[in-house]
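S.K.: Just dropping this structure here.
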Amino acid sequence: MKKSRIGKNILTVVFTILSACWILPVLVVLMNSFKGNTFVKTATFAWPTGDMFVEWANYVKGMTFGNYPFLKSVSYSVVITILGTFLILLCTSMAAWYIIRVDSKICRICYYLFVFSMVVPFQMVMFPLAKTADTLKLNTPWTIPIVYLGFGAGMATFMLAGFVKTLPLEIEEAAEIDGCGPIRTFFIVVLPMLKPTLISVAILEIMWIWNDYLLPYLVLDRTKYMTIPIHIQYLQGSYGQVDLGAIMALIIVSIIPVIAFYLLCQKYIIKGVAAGAVKG
Amino acid sequence: MAKQVRSHGSATNSKMMRRSIQKWAILFLVPTLASFVIGFVYPFCKGVYLSLCKFTTTEDATFIGFGNYVKAFQDASFVHAFWYTALFAVVSVVLINLFAFLIAYALTQGIRGSNIFRTAFFMPNLIGGIVLGYIWSMIFNGILSRYNTNILMETKYGFWGLIILMCWQQVGYMMIIYIAGLQAVPEDMLEAAKIDGASRAQTLFRVIIPNVMSSITVCLFLTLTNGFKLFDQNLALTAGQPYVFKEGGTVVKTTEMLALNIYSTFYGQNVHARGTAQAKAVLFFILVAGISLIQLRATRRKEVQQ
């Protein structure tokens, strides 16, 4: 008994060190976001003191670096993520319920097509998709959620349909007898029961859309709209004078909401990941 | 008697319900289906068709048959990207799953602070691929600059750099799945093993691992497909550098993986290579879908056994 307690204490120490190492890269970025450009390269792991320390200059510079306001990219990222997730949850939960409850031949074909789309990599459709989206004017932050609904419908519908199958029919029948039409039955009775799976799906969609690079890069009208990943890639990849200090500051600015979101919704995120993995 | 009537009534009722829902297809099914056609079905079919065409935009396509596929197989950079990706996928699958399982196993032993450690390990998953790439390129260059070199100078730096990056990102994700699996191992089985005098190693290999086989299958295939489909991190960390120039003007980007190779063929200098790029994309799809099908069969078989 005593031996195992010592063993556990050693494990605690080992894991304290290991998890400190795990968050170290983020701390290094934070440290470098207060250094001048040249020092990021030459003294990456030094504490920002003396000549190196530039206070908030990198943050101030980063906001307008590359002739595009960073906060504009942040707000487009927020708009696309919220609209996209909301649209996916609303539409796919309705579709999943319809497919399972009606269960006609067309429904089954749709279901198999949705499952099939889950194994198709984005590179397969990206070239025609970019063109189609452009023609249909889906190239703005307010319309790109439709593209996300289209490409993300597969997994969301699949996960939700799996849950709808387990719901008891009797409750919906009771609602029907009490005079609810399909619309009221769905929104008042079914949707609240779907809540746990909706949260899991929402988490997975938020993580996907917020961090997605290639889809918005190809679909959005880049002269007007950028998202955070596009902005950072643009500054680092093609903008002539790379200022690493400013980029580190922008990385910190873009990570902070993510970390806050993570710490607030940790329980749901971990549940969502486990649920998504078992099904997908 | 009463029961019979009720069940009979219920059957007609659900049939009626079905019919009344069916009338609302335009509201329930059509929005998702229409977006799905725009965002997936149409581009997919068009993609398959374009792979058999010569084109620079989607409008000027002329049918040429399988020429693009022949060109894809002859493309040295594509063949290199395939082997490079396969090697990367195998190495990352082994390392990520090994670490993730060990960490999950240790964190389910009831040690103090397990929840905090779990939080720390999972954290990198929330950071996007592009940002991850630049975080690590800064760190690797910070280390390598002491030896007067950088990550773009040698293929092996790019390879192992990307492996470290992917381990950092994915170990936490797989750890969550393994923890869920480990927590579902029946307590009485572990108790029985203890009473029968099984050692720690025996319990692990004879009791625990057989019980978490389904988690292991899921994680193996998740990491495998993630490895094959990797794009953002690859683009941000090395973007294929260093390049090797071969005779005849072909350029092989030595750290370029399949997804990036397809992308740069599409949107590179040579717009006439787009047919080849679409053919590569179809081959890539067949590869990824094939892996997923094998996974499906593997998990099905497991379910039948249970």
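If you go along the chain as it appears here, the first residue is 1 and each next one adds 1.
Glycine is no exception: its Cβ is also placed from the backbone N, Cα and C atoms.
Grabbed the feature section from TrEMBL, which reads as follows:
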- A:12-31: transmembrane segment (TRANSMEM)
- A:74-99: transmembrane segment (TRANSMEM)
- A:74-265: domain 'ABC transmembrane type-1' (DOMAIN)
- A:111-130: transmembrane segment (TRANSMEM)
- A:142-164: transmembrane segment (TRANSMEM)
- A:185-210: transmembrane segment (TRANSMEM)
- A:244-264: transmembrane segment (TRANSMEM)
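Set these features in their place in the structure for me.
M.R.: Beyond its flanks by at least six residues, the transmembrane segment (A:12-31) meets 44-45, 47-48, 248, 251-252, 255 of its own chain at Cβ-Cβ distances under 8 Å.
For the transmembrane segment (A:74-99), the residues of the chain that approach it from at least six positions outside its boundaries are 107-108, 110-111, 141-142, 144-146, 148-149, 152-153, 156-157, 160-161, 163-164, 186, 190-191, 194, 198, 201-202, 205-206, 209-210, 216, 225-228, 253-254, judged by C-beta separation under 8 angstroms.
Outside the transmembrane segment (A:185-210), and at least 6 residues removed from its termini, the chain residues within Cβ reach (under 8 Å) are 77, 80-81, 84-85, 88-89, 92-94, 97, 148, 152, 155-156, 159-160, 162-164, 167, 171-172, 175-176, 228, 258, 261, 265, 268-269, 271-273, 275-276.
Long-range contacts of the transmembrane segment (A:244-264) within its own chain (CB-CB distance under 8 A, at least 6 residues past either end) are made by residues 26, 29-30, 32-37, 39-41, 54, 57-59, 61-62, 65, 70, 74, 206, 210, 228, 231-232, 235-236.
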